[in-house]
Amino acid sequence: MKDQETISTTQMATLYFAYITGSALIVIPGPLVTMSLNAAWLSILISLGIGIVLLNIMFYLHRRNPGLTFIGYSSKTIGRWPTVILACFMLTMALHMASGIIIDVSGFMTSMMLPETPDYVFMGMLYLLAAFFLRGGIESIARMFSVLVVIVMIFWALVLVLLIPQYHPEFLRPVFPEGIKPMLLGTYLTFGFPYGEVVLFAMVLPFARAKQSKPLKKAMVWAMVINGAVLIISTLCTIMELGPMASEKRFSVFVLAQMVEVGDIIERIEAVVGMAMLAGSLMKATITLYIIQLILTELFGLRNDRLLTNPLCVTALLLSLTLPATLHEWEEMVLVVHPIWVAAVYVLPLLIVAAVAFFKDLLADSTKEEAPSGNGSEGGSVK
Amino acid sequence: MQEKIIVLLIVYILALSADVIKLRNSPLRGRIIYLGIMVITLYFSADYLLKAELPDLHTFADLLFTKPARMIVEFLRVEPT
């Protein structure tokens with residue numbers, strides 16, 4: 001019997017943090033400021049709250065079905081074939097995510113650092129790395145990413161701290177220059193990416209060591225809160241540094257790194273920051289591919305969960321090369337369609353499974369309450 | 001076109017050569033799923049080579065989600081004053 005791989009609570013929380021922060025750090029601040037203007041940080045706060053609610057629902061199902069992934073307890077709760085249908089829909093978004101993260105990284109590299117290099121070079125190398133990670137398993141992934149997350153955060157913090165003398169806090173006001181609708185639009189964006197995507201992580205929760213459910217939930221909520229703080233600080237610093245130009249810059253954290261100049265000693269650190277941002281995206285892409293691999297392995301009842309690593313990486317690579325027809329189409333897919341797609345194929349299945357599980361628990365409880373009144377009349381006949 | 005063919009050849013050779021021995025020792029079900037996914041990749045390879053814009057994930061998303069998504073965004077978007 002194959003030993004189940006397990007990781008500690010800290011490693012699981014770190015993986016979760018890498019999953020929700022990884023590519024959000026590159027992609028979110030610029031478009032979010034375009035949509036929400038100065039209320040961007042409020043948008044993140046609201047969608048963070050929604051994300052924490054989703055996490056609590058995931059943990060309700062996880063505690064009710066220890067050792068089972070989302071596919072496992074979904075099959076138990078709503079049946080095999082409805083689960084297969086839900087899983088197929090989930091896989092559409094998961095594959096879009098796995099390819100989209102690398103499309104964004106490739107777009108970043110070709111627009112900001114290496115414009116003459118073809119896309120397939122970045123994409124191919126990243127998927128090759130991801131394949132190596134996947135073959136190593138969740139324990140190797142967790143150990144490696146624990147180090148990478150620290151490196152990414154150090155460089156992120158370094159850029160924002162070195163720019164302190166150049167911030168203009170007056171750019172933060174007014175918070176609602178065009179009313180409340182831009183804030184709601186930003187909430188729509190950040191709900192889809194990254195907070196609605198947390199549902200997919202339910203597939204990885206069973207890999208946490210047993211009997212650690214309560215500290216695990218606390219650690220993961222903290223990971224979400226820290227993620228929210230990181231995104232809010234990035235967005236605020238973007239606004240304070242770039243002001244009205246913040247909405248025109250697609251990769252704002254990289255642009256901030258380009259503006260760092262301390263004496264004539266510390267400057268041109270954007271290459272290092274670019275590397276950190278690449279690492280963040282690679283982590284999220286790897287975890288997403290791992291989850292897709294898990295879903296397919298469970299759906300088809302395969303014993304070897306690493307057999308599908310290479311076909312999945314090839315599929316994701318070809319999707320990255322073929323999906324976006326034009327930049328405009330890609331931006332519309334990410335900024336406009338992505339949130340509603342996430343709501344339909346991630347959040348809705350979670351709510352359906354949770355609702356059915358909840359009503360089954362209620363029914364089971366009411367059946368248990370009725371049973372003792374039948375036993376009392378039989379047991380009370382002592383003479 | 002030649003460049004794309006070379007890229008695809010490299011990708012498939014790398015992917016398949018690493019799995020040949022594993023596939024030989026795998027049960028039938030695993031081999032069928034593996035080959036099924038590789039057949040799907042051939043479809044995307046054709047799309048990549050020919051730039052044919054064949055139906056893909058975005059076609060599915062477009063059919064179901066683009067219209068309601070645009071309605072939400074248009075409702076929430078405000079023209080700057």
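Easy rule for this one: first residue shown is 1, then count along the chain.
Just so it is clear, glycine is given a Cβ too, placed from its N, Cα and C backbone atoms.
According to TrEMBL:
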- A:12-33: transmembrane segment (TRANSMEM)
- A:39-61: transmembrane segment (TRANSMEM)
- A:81-108: transmembrane segment (TRANSMEM)
- A:120-138: transmembrane segment (TRANSMEM)
- A:145-165: transmembrane segment (TRANSMEM)
- A:185-208: transmembrane segment (TRANSMEM)
- A:220-242: transmembrane segment (TRANSMEM)
- A:271-296: transmembrane segment (TRANSMEM)
- A:308-327: transmembrane segment (TRANSMEM)
- A:339-359: transmembrane segment (TRANSMEM)
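In this chain, the transmembrane segment (A:308-327) does not touch the transmembrane segment (A:39-61); fewer than three CB pairs sit within less than 8 A of each other, excluding pairs fewer than 6 residues apart. Remark: the transmembrane segment (A:145-165) makes no contact with the transmembrane segment (A:339-359), by the rule of 3 or more CB pairs under 8 A. Highlighted: of the candidate stretches A:185-208, A:220-242, A:308-327, A:308-327 has the greatest count of Cβ pairs under 8 Å to the transmembrane segment (A:120-138).
Contact between the transmembrane segment (A:185-208) and the transmembrane segment (A:339-359) is supported: at least 3 Cβ pairs lie under 8 Å, counting only residues 6 or more apart in sequence. Comparison of A:12-33, A:81-108, A:220-242, A:271-296, A:339-359 by number of C-beta pairs under 8 angstroms to the transmembrane segment (A:308-327) places A:81-108 first.
Away from its own ends, the transmembrane segment (A:81-108) comes close to residues 22-23, 26-27, 71, 74-75, 119, 122-123, 126-127, 197, 200, 251, 254, 274, 277-278, 281-282, 284-285, 288-289, 291-292, 295-296, 299, 315-317, 319-320, 323-324, 330, 333-334, 338, 341-342, 344-346, 349, 352-353 of its chain (Cβ-Cβ under 8 Å, at least six residues beyond either end). Counting only same-chain residues 6+ beyond the ends of the transmembrane segment (A:339-359), those with a CB under 8 A from a CB of the stretch are 54, 57-58, 60-61, 64, 70, 73-74, 77-78, 86, 89-90, 92-93, 96, 188-189, 191-193, 196-197, 199-200, 202.
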